[in-house]
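Here is what Swiss-Prot records for this protein:
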type	residues	note
BINDING	His96, Asp98, His158	Fe cation binding site
BINDING	Arg168	2-oxoglutarate binding site
DOMAIN	78-177	domain 'Fe2OG dioxygenase'
Amino acid sequence: MMYHIPGVLSPQDVARFREQLEQAEWVDGRVTTGAQGAQVKNNQQVDTRSTLYAALQNEVLNAVNQHALFFAAALPRTLSTPLFNRYQNNETYGFHVDGAVRSHPQSGWMRTDLSATLFLSDPQSYDGGELVVNDTFGQHRVKLPAGDLVLYPSSSLHCVTPVTRGVRVASFMWIQSMIRDDKKRAMLFELDKNIQSLKSRYGENEEILSLLNLYHNLLREWSEI
């Protein structure tokens, strides 16, 4: 399943990020991809050795960790270190699949269950640059407001179309979920959303408590910690 997570960064945060990224050191984006991806990748990424990068990636991690909808949809166990990319002058990233595992500074290795793109450019400021994701439900084309995030299964083939005008800047990362199976994770998310909706409409009652008990028992049954 694909999820739109709005408002991960405020407009003020986005403006500050963009101002700082104007001063960043950018390198060839192929430095962080495997052999297959390198053949179809043509973009730039912030140099991960820079002091600015260390500060910005920490801010992204803090923002997603504090976002309730992101947590409910992803049920994250491990987040990769966020990266930042830039597309301009017809740069693109052809169809590819993300690696199944990635190195992680704390855990050593992590499984990539979900991929996330946090948009940092106003969609009206550039042409092209759509994230195109192919999954079992068809093809999805994504171009979100700055500060919003899209979450999708890392098993999906995806690409970024050429940016023919302006500049597309984003942060991206991978998530190992507590729930490995996409279908089970989607069911838990739907159950959680409906519990929250019922609570806001009717307040606490025995039926809602019973549903909440069901949610946590399923999470206990399916989670890998």
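Backbone N, Cα and C define each Cβ position, glycine as well.
Within the model, the domain 'Fe2OG dioxygenase' (78-177) carries an average pLDDT of 96. Ranking the binding-site residues His96, His158, Arg168 by how many Cβ atoms sit within 10 Å of each one's Cβ puts Arg168 at the top. For the pair His158 (Fe cation binding site) and the residue listed as '2-oxoglutarate binding site', the Cα-Cα distance reads 17 Å. The CA atom of Asp98 (Fe cation binding site) is located 20 Å away from the CA atom of Arg168 (2-oxoglutarate binding site). DSSP places the residues of the domain 'Fe2OG dioxygenase' (78-177) in helix, strand and coil in these numbers: 3 helix, 62 strand, 35 coil.
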